[in-house]
Amino acid sequence: MADAAIHGHEHDRRGFFTRWFMSTNHKDIGVLYLFTGGLVGLISVAFTVYMRMELMAPGVQFMCAEHLESGLVKGFFQSLWPSAVENCTPNGHLWNVMITGHGILMMFFVVIPALFGGFGNYFMPLHIGAPDMAFPRMNNLSYWLYVAGTSLAVASLFAPGGNGQLGSGIGWVLYPPLSTSESGYSTDLAIFAVHLSGASSILGAINMITTFLNMRAPGMTMHKVPLFAWSIFVTAWLILLALPVLAGAITMLLTDRNFGTTFFQPSGGGDPVLYQHILWFFGHPEVYIIVLPAFGIVSHVIATFAKKPIFGYLPMVYAMVAIGVLGFVVWAHHMYTAGLSLTQQSYFMMATMVIAVPTGIKIFSWIATMWGGSIELKTPMLWALGFLFLFTVGGVTGIVLSQASVDRYYHDTYYVVAHFHYVMSLGAVFGIFAGIYFWIGKMSGRQYPEWAGKLHFWMMFVGANLTFFPQHFLGRQGMPRRYIDYPEAFATWNFVSSLGAFLSFASFLFFLGVIFYTLTRGARVTANNYWNEHADTLEWTLTSPPPEHTFEQLPKREDWERAPAH
């Protein structure tokens, strides 16, 4: 530990290329995941804004088939201007490409890489006192597989797809028979992109599990490990068990498309509903793969700024384990309308509602941690509180949707869109921002301006709720999702929702400016622990930024004994 502090500001002798392209250092690879996830997130959020521009008013104003006749570049700029053509023929394929691209990029290439690959790689070894990951070279391979997958996903947007146009327009879930009949190789590229992303995540999961089990500091038992490290450990098991199932499903899809098999084609004895079962067996654990690392971050942020140890450490740990286990036995609640028997529907209803119990343990433990604490509303705490509100709203609407009889009405409406965005998108994204503001001083050695972080939070919080809360009303009115146009009866709430999306996008651009300012001109961090004594995990004993080789001597018990387990 002492050696680590002494060498904290030694000159890094690695060149730029060696450090960022060939690195086996867990901290550098974590930064790369965060940086790449941010870039892909910018693309995906731009798709969102384009879709909300189109949905701002009834009728099709932007996505017109006539723009295709102007060529790619000119047509693109025309599509941003509603009066560019007099008579607009709706370009439904472009709309489907936007939906597919947004879903695939966000699910596989933004949120999981940022939370699991970024924060997990950087801080899990620090929290358990490990010098690095168990398999550093595999860590490097994992990142570059992710980059390769990202490249294929973006390339699929410009490859020949259905209707003689560019891009794959089959939705991120890749449901047959649409995905098996879509022409062009854009869909194949998207499938390969998901394959590479899955391979990257599986390698990362093996690495995380091995590191967690074998490289904890001397004397640090499983029940002494910080909650963020536990969240990464549970997430790694979910990835290891769920992603190979997805890989099997999309491989079968690939052979149906290209090699004449009929796994999912009724004409050859196959069954499209089989694909739904296999996909959602992965798809529901995916929700917790996304949100569990955010749980870990929020636990540390709340404990730090409530200035109290986390309430109920062991229940918090086993609630995460229970959520992970239960996540594998509820998949068919996505399929109530796909012909399940009454008995099957009853089981999946009950199992889905049971997940509310461990989730409730976590919510009330966070509230109990704050109760009676000396709360300091710094920027990371605001994001953590925002996470609590948004995740709770998403959880409550999840209880509504778990009822098969109610889901008959809400299935594939904007009520479902609002529900899963509150849980996954807003919950996970607010967790990411909480982590960035909590740790950016530790990672970069420079601190953000507090006023800017708070302004970013309020812009995003208002924008996010303005975007997605009205979609509950649209769903209750019966507006189906994934449509390019809608009747005039839905115009008001769509207009409000679009305004919220624009505000959220503006907040994201402002955030990029805050990060640029912080990294170039932010106040230098001189203290190892720049928050308070309740930030008591091992990274706060290190310099800011931590040295290249973190623990040249393994931490002793007194270095970590004030961990949240106590």
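Cβ coordinates come from backbone N, Cα and C, glycine included.
The Fe(II)-heme a binding site annotation in Swiss-Prot covers His102, His421 and rests on a curator's inference. Taken from Swiss-Prot, the feature Cu cation binding site covers His284, Tyr288, His333, His334. Among the features that Swiss-Prot reports, heme a3 binding site is placed at His419. The compositional bias 'Basic and acidic residues' annotation in Swiss-Prot covers 549-566. Residues or ranges marked as region 'Disordered' by Swiss-Prot: 543-566. As annotated by Swiss-Prot, transmembrane segment applies to 29-49, 97-117, 141-161, 189-209, 227-247, 278-298, 310-330, 348-368, 381-401, 420-440, 455-475, 499-519, with the evidence given as sequence analysis.
What Swiss-Prot annotates, mapped onto the structure for a quick look.
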residue : record                     : DSSP class
His102  : Fe(II)-heme a binding site : helix
His284  : Cu cation binding site     : helix
His333  : Cu cation binding site     : helix
His419  : heme a3 binding site       : helix
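Separating the Cα atoms of Tyr288 (Cu cation binding site) and His421 (Fe(II)-heme a binding site) is a whole-number distance of 13 Å.
The recorded stretches the transmembrane segment (97-117) and the transmembrane segment (499-519) do not share 3+ CB pairs below 8 A when only pairs 6 or more apart in sequence are counted, and are therefore not in contact. Long-range neighbours of the transmembrane segment (278-298) within the same chain, counting only residues 6 or more positions beyond its ends whose Cβ lies under 8 Å from a Cβ of the stretch, are 107, 111-112, 115-116, 119-120, 173-175, 226-232, 234-235, 238-239, 241-243, 245-246, 248-249, 252, 320, 323-324, 327-328, 330-335, 362, 366, 384, 387-388, 391, 420, 423-424, 427-428, 430-432, 434-435, 438. It is His102, among the binding-site residues His102, His333, whose Cβ has the fewest other Cβ atoms within 10 Å in the structure shown. Beyond the transmembrane segment (381-401), the same-chain residues lying 6 or more positions past its ends with a Cβ under 8 Å from any Cβ of the stretch are 291, 294, 297-298, 301-302, 304-305, 333, 352-353, 356, 359, 363, 366-367, 375, 407, 410, 415-416, 418-424, 426-427, 430-431, 433-434, 437, 453-454, 457, 460-461, 464-465, 469, 472. The binding-site residues examined here are His284, His419, His421; by Cβ neighbour count within 10 Å, the least packed of them is His421. Its Cβ placed at the centre, Tyr288 (Cu cation binding site) has 25 other Cβ atoms within 10 Å. Sitting within 8 Å of the Cβ centre of His284, Tyr288, His333, His334, and not among those site residues for Cu cation, are the Cβ atoms of Trp280, Gly283, Pro285, Val287, Gly327, Val330, Trp331, Thr352. Sequence-distant residue pairs (6 or more apart) of the transmembrane segment (227-247) and the transmembrane segment (348-368) include fewer than 3 whose Cβ atoms are under 8 Å, leaving the two stretches without contact. For the transmembrane segment (189-209), same-chain residues at least 6 beyond its ends with a Cβ under 8 Å from one of its own Cβ atoms are 100, 104, 108-109, 112, 116-117, 120-121, 124, 133-135, 138-139, 141-143, 145-146, 148-153, 155-156, 159, 168, 174, 232-233, 235-237, 239-240, 243-244, 246-247, 250-251, 253-254. Among the stretches 29-49, 141-161, 348-368, the one making the largest number of Cβ pairs under 8 Å with the transmembrane segment (499-519) is 29-49. Calculated from their C-alpha atoms, the gap between His333 (Cu cation binding site) and the residue listed as 'heme a3 binding site' amounts to 14 Å.
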